[in-house]
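Listed in TrEMBL:
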type	residues	note
ACT_SITE	Asp129	active site
ACT_SITE	Glu192	active site, proton acceptor
BINDING	His127, Asp160, Asp221	Mn(2+) 2 binding site
BINDING	Asp160, Glu193, His470	Mn(2+) 1 binding site
DOMAIN	233-392	domain 'Peptidase M20 dimerisation'
SITE	His253	site 'Important for catalytic activity'
TRANSMEM	12-30	transmembrane segment
Amino acid sequence: HEITGKQYSSAMFRLFIIFLLTYQVLLSPVPNNGVFQYIDAHQDEFIQRLKDWVAIESDSSDPSKRDLVNKMMEMTKDYILKLGGSVEMAEIGEQELSSGEKIPLPPVILAELGNDKSKPTVCFYGHMDVQPAKQTDGWLTEPYTVVEKDDNLYGRGTSDDKGQVLALLHALESVNVMGLPVNVKLAIEGMEEVGSDGLEKLVEDKKDTFFSNVDYIVVTDTPWLSKKPGITYGARGNCYFFIEVQGARRDLHSGGFGGTVHEAMSDLIYLLNTLADGKGRILVPGIYEAVAPVGENETDLYKNLEFSLEEMQADTGVKQFLHDTKEDLLMHRWRYPSLSIHGIEGAFSGTGTKTVIPAKVIGKFSIRQVPNMEPSVVNKQVTDYLEAKFSERKSPNKIKVTMVIGAKPWLADMNEPQYLAARRAVKRVFNLEADMIRAGGTIPIAKTLEDVLGKSVMLLGIGGPDDAPHGQNEKISKYNYIEGTKLYASYLQELSSTSS
């Protein structure tokens, strides 16, 4: 059709405006839709709920407090139901006590919010049990009463993991005001602090039902490396060993038998001393052969991370580390194996003096392994080495080497869609680029979920580097707690944008 120049100009102008608006939408972050304002307006309520939950002494290590762990699981279920979710309290069997009595394990919460097949589904993992805590252990305050001081919230579980789970649930409440952008599932347990009894079997049993449509998995139980937000994409494994040395039939008096017998303690100290050199290098033959080689430009990943050796020295009281640069220290903390000696069972450890020669002692040590080390291989290498070293000593005593834990390392691709969504969420909330970090410790649930379900796993925690999650005076800062709530809310929105 014929059009005038004026009509053409008008049409082109309208097309140009449409282009600009479309371009702006494509480049702009997902809109907050009032979510941040909702979180700010309800932060006092969110803090009070944390106080209420911390007050429940859900110590999973003490069977006499099992009713309190169950109460905590019920409170969590009730809040999820209030959010509009559906909840199954999955039974996972019984725990046999040393007395022979059996008591039920706490149920695992399997919850679901949203079931839109056109949207991706993300499953969050967390736990409601806590480590033991008493004020007489050295706490400055009552552990199960949250105390606000210097913009921190002190109390057992504030960071590990009640505070982090609550931040997620509050994010769901806040986002739900505008409608959930993705489907959400929750797997929340009550036995994490004592080894997650029954959880792996539950995941196996439910992989074709509850977990069948899960696209992404997020663990909400990790700290940042510094005050700068971090996203964790890897963790070391753990091979934990006992070396048992048996000497005499009973403990002996050093006055009557010193200098006449091969002492079990001397044998054990000798063996422990053969495991690593003064620089921390493991001396077990072949232990480094399976370690994944350092990739091209991998060292660059550590250069821009916010981390200070000086601050770490001040915090720990350590005068000198085994490595002098940030890059070397972090790589040996995260991507190389390490060996640590933890203790000796059967030896005299009380105050004062006791001139005993122990008949049997058990040394305890662990090797934190990294990709591509296999626990079964490490077990054989360590056992063969210690037996060979003991043979060289020509002691008549007997030794037994046992690997009691064999948790595998875990490493994810930080360029997977949910990692990109999390990085955009960090940028949106904190106006910072996220530090991409690894954990020097072991997070068995991450590897279990990845292996069983075959899905992308990410650790998106909001704990601070100085929260002392298993120690005295555990805390979470109000900043991390509230801004972390915004982070989870933004992640849900950004994940929807990434997957659309």
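Heads up, the Cβ atoms here are built off N, Cα and C, so glycines get one too.
Automatic, uncurated: that is what TrEMBL annotation is.
Residue with the densest Cβ environment among the recorded positions His127, His253, His470: His127, by other Cβ atoms within 10 Å.
Taking Glu193 (Mn(2+) 1 binding site) as the reference point, the recorded positions whose C-alpha atoms are within 10 Å of its C-alpha, out of His127, Asp129, Asp221, His253, are His127, Asp129. Checked against His253 (site 'Important for catalytic activity') by C-alpha proximity, the recorded positions Asp129, Glu192, Asp221, His470 yield His470 as the nearest. The recorded positions near Glu192 (active site, proton acceptor), taking a 10 angstroms Cα-Cα threshold over the set His127, Asp129, His470, are His127, Asp129. Taking every protein chain shown into account, Asp160, Glu192 are the recorded positions, and of these the Cβ with the most other Cβ atoms within 10 Å belongs to Asp160. Ranked by CA distance from His470 (Mn(2+) 1 binding site), the recorded positions His127, Asp129, Asp160, Asp221 have Asp160 at the top as the closest. The sparsest Cβ neighbourhood within 10 Å, among the listed recorded positions (Asp129, Glu193, Asp221), is found at Glu193. Looking only at the domain 'Peptidase M20 dimerisation' (233-392), the predicted model's pLDDT averages out at 95. When the alpha carbons of Asp221 (Mn(2+) 2 binding site) and Asp129 (active site) are compared, the span between them is 12 angstrom.
Within 8 Å of the Cβ centroid of the Mn(2+) 1 site, not counting the listed residues Asp160, Glu193, His470, the chain contributes Val130, Gln131, Asp161, Glu192, Pro469.
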